[in-house]
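According to Swiss-Prot, the protein has these features:
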ACT_SITE  97  active site, charge relay system
ACT_SITE  142  active site, charge relay system
ACT_SITE  235  active site, charge relay system
DISULFID  63-195  disulfide bond
DISULFID  82-98  disulfide bond
DISULFID  174-241  disulfide bond
DISULFID  206-220  disulfide bond
DISULFID  231-256  disulfide bond
DOMAIN    57-280  domain 'Peptidase S1'
CARBOHYD  41  N-linked glycosylation site
CARBOHYD  45  N-linked glycosylation site
CARBOHYD  135  N-linked glycosylation site
CARBOHYD  149  N-linked glycosylation site
CARBOHYD  153  N-linked glycosylation site
SIGNAL    1-18  signal peptide
C-alpha cells in the first residue's frame, strides 16, 4: 500500500511538474552563494529564475510552553534570525547557514517579549560547521554545532533533546517548530514559537518535487496537499520524530506550504558520529 501511495504521488507530481514547465515556471535549486534578505534571514541565489528561501511554521499553532525546553532562540544586533536545539549543557545544534559573527543564544524562552525566571543567555565559545571549523557555506552539509561559553542548567523550561538512535522511517509523524513566519508570502513573525505536525516523505516523492536536488544527507518533510510547512525564520530549528531530533530546518520554496513542495531538512542521523565525536572532545 505504501508503494502504491508513493507511485500515485509521483504521478501527480510529474503531471504537476510538467504543467509548471509548460507555464514557463523554472525548477528551484540551491548553491553556495548566500544573500542576506531584508528580513534578516538568508536566501539562496539559484542559477535559475526562482529563488529558494531559507526556511520558515505554516499551518500550525502555538507550541505548549512545556513542549520545547530544548528550543533555542538565536539573535544578534539586527534581531532574531534562526532557532537551534540544545543537545546537552554546553552544545547547541543548528544550520550552518545560520552562522553569524555576533550570535547570542537565549534558552528557556517562549514569548520573546516576556522575561522568564529561568531564562539563560549565552554566546558561542566555538562553532563547527559543515564538518569543518573553517567552512560554513557548503549547502550540501547545512549543519553547525555551537559550543556555549558556559554550561546551562536544566530547569522547568530548559532541557536537552535526544539525538537519534536510528534513522527516521519514511512516513513517520514528526513535529517541526520555531519562531518563523506564520503567513506567506506576507511575513508575520509570532511572539511565541509555533508547532506543526508533518510527515517524513519518501525519497522518490522528494526527488520528483526537486529533480535537481542531491538526496545526500537530507530529508523532505511536509504534507503533499500543502498547508503545513516550516517557513522564513524557522531555519536551524528541529524536526522531531518520536522524541528525537531527526532533522534541521534547512530550505524550501517560497511562498511556503504549497502543493507538492515539501520542506528540506538536514538529516541529523547521517552526522551522528561527527556530532558525538565533537561533543566527546574528539
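Here the Cβ of each residue, glycine as well, is placed from N, Cα and C on the backbone.
Note that the coordinates shown come from a computational prediction; the quantities given were computed from them, not determined experimentally.
Overlay of Swiss-Prot annotations on the structure.
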residue	record	DSSP class
82	disulfide bond	strand
97	active site, charge relay system	helix
142	active site, charge relay system	coil
149	N-linked glycosylation site	coil
174	disulfide bond	strand
220	disulfide bond	strand
231	disulfide bond	coil
256	disulfide bond	coil
Of all the recorded positions given, namely 63, 149, 174, 231, 256, which is spatially nearest to residue 98 (disulfide bond) at the Cα level?
231
Recorded positions near residue 235 (active site, charge relay system) (Cα-Cα within 10 Å), from 82, 97, 153, 195, 220, 256:
82, 97
Here's one to test understanding: among the recorded positions 82, 153, 220, 231, whose C-alpha is closest in space to the C-alpha of residue 241 (disulfide bond)?
220
Inter-residue Cα distance where the pair is residue 174 (disulfide bond) and residue 231 (disulfide bond), in Å:
16
Do me a favour and check the Cα-Cα span between residue 142 (active site, charge relay system) and residue 153 (N-linked glycosylation site); whole Å is fine.
28
Closest to residue 206 (disulfide bond): which of the recorded positions 63, 82, 97, 174, 195, going by Cα position?
174
Can you check how the pLDDT averages out over the domain 'Peptidase S1' (57-280)?
89
For the C-alpha pair, I'd like the distance in angstrom between residue 174 (disulfide bond) and residue 195 (disulfide bond), rounded off.
10
Number of other Cβ atoms within 10 Å of the Cβ of residue 142 (active site, charge relay system) across all protein chains:
28
Out of 82, 149, 153, 220, 256, point to the one nearest residue 63 (disulfide bond) in space (Cα versus Cα); all of them are recorded positions in the record.
82
How far is it from residue 82 (disulfide bond) to residue 220 (disulfide bond), counting Cα to Cα, in Å?
19
At the Cα level, what's the spacing in Å between residue 97 (active site, charge relay system) and residue 153 (N-linked glycosylation site), rounded?
27
Through the lens of DSSP with three states only, how would you label residue 195 (disulfide bond)?
strand
